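Undergrad: Under the heading active site, proton donor, Swiss-Prot lists Tyr64, citing similarity to another entry as support. Among the features that Swiss-Prot reports, site 'Lowers pKa of active site Tyr' is placed at Lys90. Positions annotated as substrate binding site by Swiss-Prot: His136. Sequence annotations record features per position, and here Swiss-Prot assigns NADP(+) binding site to Ser215, Pro216, Leu217, Gly218, Arg219, Gly220, Phe221, Leu222, Ser223, Ser224, Gly225.
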Amino acid sequence: MAKEGTKVPRIKLGSQGLEVSAQGLGCMGMSAFYGPPKPEPDMIQLIHHAINSGITLLDTSDVYGPHTNEILLGKALKGGTRERVVLATKFGIVLGDEKKAEGKRAVHGDPAYVRAACEASLKRLDIDCIDLYYQHRVDTRVPIEITVGELKKLVEEGKLKYIGLSEASASTIRRAHAVHPITAVQLEWSLWSRDVEEEIIPTCRELGIGIVAYSPLGRGFLSSGPKLLEDMSNEDYRKYLPRFQAENLENNKNLYERICEMAVRKGCTPSQLALAWVHHQGNDVCPIPGTTKIENLNQNMKPCPSS
């Protein structure tokens, strides 16, 4: 990462010419899933601060809110700010009130849905073209070739620049890439989530596909450890994840303590160490830690010494 007071370095994401900051900003927690939505003026200020600090990749999805996170970014990117960023959003997960009440979600990847979702995101973001458009989850009922075929048409129509996949298998990535170049695959990758290293990471690298690592701080646990749970509201879905349950918490607490010990030796914070590990995986990897606080963003952008 860049030293304090300098701009964030750039990396090539994929093989189609997309260039982004070596670290992006995940915007989900500003509007959804990690407790109640945060005050809009504060989040717009945070987004502007990130951009002014050199971050160019902003990540959202139509399911965050749902919809309100895209609307927030649309407001934040007024007044010439849009031209300074690469805006990534996603489609495919439907989480209406009735689904939310049942703790369920639907996944859609049929052509009509893809097109309608794209048009709706363009409207909410108040833009003419989405820079990077991911299929958020793969619809197993629809061949990936059909979904990507529709995305390809949207690229040809100028509504999308680049196509991505999120949480896709290695075989699905190959099949999709054969229809239209996939620029990036988004996946969970961190010190405590490494299952993607066996097949998916090698496949992306073989095909020249960029890697966007979400939850590089272990959904906040690698920053705060067990105390993260103390202030969680009932609206915070992390409260119900297996890794945060009592039967797993002791092992994860031990992992966090080891990270803290290493961070002390390095002269950095646990979150800086965790991010340094992700950056060290290669210059084709862009982590997108999320935050709702400017002080956390500043900390996340400082390098871990000797990282």
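Think of each number as a place in line: the chain as shown, counted from 1.
The backbone N, Cα and C atoms fix where each Cβ goes, glycine too.
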Undergrad: Given the recorded positions Tyr64, Arg219, Gly225, find the one whose Cα is closest in space to the Cα of the residue listed as 'substrate binding site'.
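TA: Given the candidates Tyr64, Arg219, Gly225, the nearest one is Tyr64.
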Undergrad: Would you count the other C-beta atoms found within 10 angstroms of the C-beta of Ser215 (NADP(+) binding site) for me?
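TA: Other Cβ atoms within 10 Å of Ser215 (NADP(+) binding site): 21.
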Undergrad: Any idea what DSSP makes of the residue listed as 'active site, proton donor', helix, strand or coil?
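TA: For the residue listed as 'active site, proton donor' - judged by DSSP and reduced to three states - the answer is coil.
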Undergrad: Starting from the Cβ centroid of Ser215, Pro216, Leu217, Gly218, Arg219, Gly220, Phe221, Leu222, Ser223, Ser224, Gly225, which together make up the recorded NADP(+) site, report each further residue of the same chain whose Cβ lies within 8 Å of that point, ordered by sequence.
TA: Ser190, Leu228, Ser271, Ala274
Undergrad: Take the C-alpha atoms of Tyr64 (active site, proton donor) and Gly225 (NADP(+) binding site) and report the distance between them in angstrom, rounded.
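TA: Tyr64 (active site, proton donor) and Gly225 (NADP(+) binding site) have their Cα atoms 25 Å apart.
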Undergrad: Look at each of the recorded positions, Tyr64, His136, Leu217, Arg219, Gly225, and point out the one with the fewest other Cβ atoms around it within 10 Å.
TA: Gly225
Undergrad: Calculate the distance in Å between the alpha carbons (Cα) of Lys90 (site 'Lowers pKa of active site Tyr') and Gly225 (NADP(+) binding site), and round it to a whole number.
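TA: Pair distance, Cα basis, whole Å: 29 Å.
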Undergrad: Relative to the Cβ of Ser223 (NADP(+) binding site), which residues of the same chain, six or more apart in sequence, are found under 8 Å away?
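TA: Looking at Cβ-Cβ distances below 8 Å from Ser223 (NADP(+) binding site), excluding near sequence neighbours, one finds Leu217, Thr269, Pro270, Ser271, Ala274, Asn296.
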Undergrad: Hey, which of the recorded positions Lys90, Phe221 is the loneliest by Cβ count within 10 Å?
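TA: So among Lys90, Phe221, the recorded positions given, the one with the fewest Cβ atoms within 10 Å is Lys90.
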